[in-house]
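Below is one structure, written out as C-alpha cells, with a few remarks after it.
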C-alpha cells in the first residue's frame, strides 16, 4: 500500500503539497491588494479596523474579510516594524486561522506570523490568546508585536505569573492577550474557585494560537495543573525511611519477558524503560523489619494492611528518589531547596514540586528542609484545557513527527509550510563510539577544529551533568566557551545573542534558549550606527565562509522531534550550517531501547577503542528505538486522556453548577428546591410510603431532623393524629422555612442571599476537593482489577460515576445542613464569609513523566476555606421565654435558643 501511495504522491503530490498550492491562490489575492494599502494614509489604514468590525456586525464572516485583513496587517507591519510578511508567512497565517498547526522552521518568523490570525480573529471582540512557553517570550512578543496591533487600534494585554488579579482582569479584556500556558490554565482553575463573577479574570475562551505547540500540547500533555492545599506533615517518616534505603540492594537479572533469570537476588528491581522501581518479596520482608526497628510499624502487622498504604507510598517514593532521580540531571540544590530541571528545556522550574511524596523524598535524600505535601483542590490537564477553546491553532518548527497525535487528540491537522529560502543545512551522519569517554573526547576534538576555523559551535546536551562534564573537558583543552544550563539561566539571552559569533562555542542543555534565534555574526543592536552595521556584516560574512553554525548533539534524545529541534537551530533563513550527533553504546537510549546485539555487532565490524563507525544498520536501530519511545509516550498520553476525560465530564458539571450560582444574585429559589429534594430523600430513607407503617423509623427520622437540621417537630404526635405523608412533608418544609425566614429577618434579605450563595459555593468546593482525592485513590488502585479479568477503564468509569452521583447528593444535603444549623453572632459581619481564605493554598503544576515525574508549580493564591462564618445581628433578638419562631410551639430557650 505504501508503494502505491508513494507513486501517487509523485504523480499528484502529497496532500500537504496540494494544500499549499491552494493556499498560494489566497496569498496572491492578498498581494494584489498591496498597492492599494500602500496608497492609504496612516489614518486611513487605522480606520480599516473599525470598517471590518462594522462589516462583521452586518453579518459578514471573518473568512470573507481575511484577504483584506491580512493585507492591512502586512502593511501595518511594514510601517511600524519595517518587517514585511513573506508569502510563506501569509500561508502560515491562513493555516492558523483555519484552526490547524503550521510547521515552520527556525528563523521563519513565527512571531510575526501570529499577528495575521490574531488581528483577524480579534475583530469580533471575543479576544485572542497567543500562548508562549515562558514569561520572557510573552513579554517580548507583546512589546514587539504590540506596536503593530496598537497602530491598528487593537489593545494588547500581557499575563505573567506575578500579576495581581485586578491587573489580570484588565489584561484579559484586551483584544489580544499574550500569556504562558501555565498562567492561562491556573487562571481558569482560580476562576472556578471564585465566589463571585466579579472575582473571575478570564472571559470566553475564543481563539488560541499556541507557539511551540509541540512543547505545550505534546511534551507537557500529561501535565495536570493543580490548585492544592497542604496536608499532614510526614517529615519524620520521610527521614526515617530515607535512612532505610541504603540497606536495600538491587536484584540482578538477565533476559527479558518470560525468560528473566535472577542472577543475584535483591530487594528491588528497576524498570528503566518505564522509570519504575519495584520491591521484591525479599524487599518487602526487609522493609517490614526495618520499619518495626524504627518504630514505624507494629510487630505482627503487615505492610500490606490497608492502614499502611501511606508507608508503602513513602517507601516507593524514597526508592525512586535514590535510584531514578539524579542531582544536576533531574534537579539541582539551590538555596537549601530542591529545584526541578525541565527535561525538555534544561531550565530550572522554580516553585514546582513533584507530587505523591516524591519531592519530599528527594529533600530527605539531599538533607534539605522537607516541606509539606499538598492536597488537590482543583485540577485540569493541558489536553482538556486547550480543548475548551472555540478554535485552537499552533505553530512550531517540529510538528510533523507528531501529526497523528495532533489529529487524534486535538483534531488539528499539521501543515508543513515551505521555507522562505531553501535550507542549505548539511546533516552529517552520526558517529557511534563504544564508550561515553571516547565520545566526549571526539566531541572536544571536533569543537577545537571548528574554533580554529572560526566556525561557531552549539553543543546540545541532555543534562546539566553532561554539560558540565563537556565544559570541564573543553577547559582542559583550553577551548574558550559558554555554558547555558539551569544554573546560568539569568545570562541566557546574552549567551544566545553571541552564540553565532566567530569561533563561539556554546554548550546548551537540551533546548535552552529556544524561541530566540542564533544570528550568525552575533546580534546586531537595534540602534546600531552605520559603522556598527558594516562591522556586523563583515562578521556575518566571515561566519558564513567558515560554514555557519555547527550543531553537535552529544546523544540522541528519546524523541526524533527533540533532535530535529536541536538541528533546527542551524541554517536559519537559508544560511549555511551543519549538524552531527555523537553517540555511544552507553547512552541511555542505546542502552535501554536499542537491540542487545548492538554491542557485539559493532565489535564484529572491527571497532577498536577510540574508533567510530557510521553504519546504516546502527542508524536504523536508533530510529527504531526512538519510534519505540515515541509510541510508548503517545500511549501514555492517550491513556491519561481517557482517564482525565472521565474527570473532565464531572468537572464541567461542577463548574457549570458554580457558574449558575454566581450568575444570579438571588439563590433562594435554588436553595428551596435543594431543601425539598433533601427532605424527600429523608422521607424515602425513614418513612417511605412504599414501606409498611410498622417498618417506618419515625424515631430515627426525628433524631435526624433535630441533630442535622435543627428542626424539632412532634412527628410521632402528628402521625398518631392521622396526618398523612404529604401533609407531614409540608409541615417539615414549613418548619425549616420558618427558621430561615427568621434568620433573614434578623440580618436582612440581601446579606442572607449572599450568605446562602457563599455557603453553597463553599460546600461545592469542599466536597469537590474530597471527591478529587477519592478519584485519585481509585485511579491508583483500579489497575489491580486487571488481575481479576476486569477492564480497569470500565471499572473506573463505573465507580467514578457512582461516586459522582453520591457527591451531588452529599452537596445538597450539606448545603441544607449548613444553612439550617448556622448560628447568629452579634460580633461578626456576614460578608466576611467570602473573605475567609487559606493562605497555604497553592497553584501546582504536576508533570507526570513515565508515571514517575510529577512536578508542581507553586504560587501562593487565595482560596476559600471550609470554616463557616456567622451573622452580625441587626434586629431585636427573640427572648428566651418567647415562642420559638420555627412554629414548634416550644419556648425559644428549649428549641432554637
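Quick reminder: no glycine exception, Cβ is built from N, Cα and C everywhere.
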Residue from 408, 427, 430, 517 that Swiss-Prot also lists as binding ATP with 89, 107, 108, 109, 110, 111: 517
Stretch carrying region 'Disordered' according to Swiss-Prot (options 780-838, 839-897): 839-897
Intrachain C-beta neighbours of residue 111 (ATP binding site), sequence separation six or more, cut-off 8 angstroms: 141, 144, 145, 211
Residue among the binding-site residues 107, 108 whose Cβ has the most other Cβ atoms within 10 Å: 108
Cβ-Cβ distance under 8 Å to residue 110 (ATP binding site), same chain, at least six residues away: 92, 102, 104, 211, 395, 396, 397
ATP site span - longest C-alpha distance across 89, 107, 108, 109, 110, 111, 517, in Å: 17
Cβ-centroid neighbours of ATP site 89, 107, 108, 109, 110, 111, 517, 8 Å, sequence order: 104, 106, 112, 113
Residue 109 (ATP binding site), number of other Cβ atoms within 10 Å: 18
Residues that sit under 8 angstroms from residue 89 (ATP binding site) by C-beta distance, when 6+ apart in the chain: 108, 109, 112, 113, 116, 420
Cβ neighbour count within 10 Å of residue 517 (ATP binding site): 19
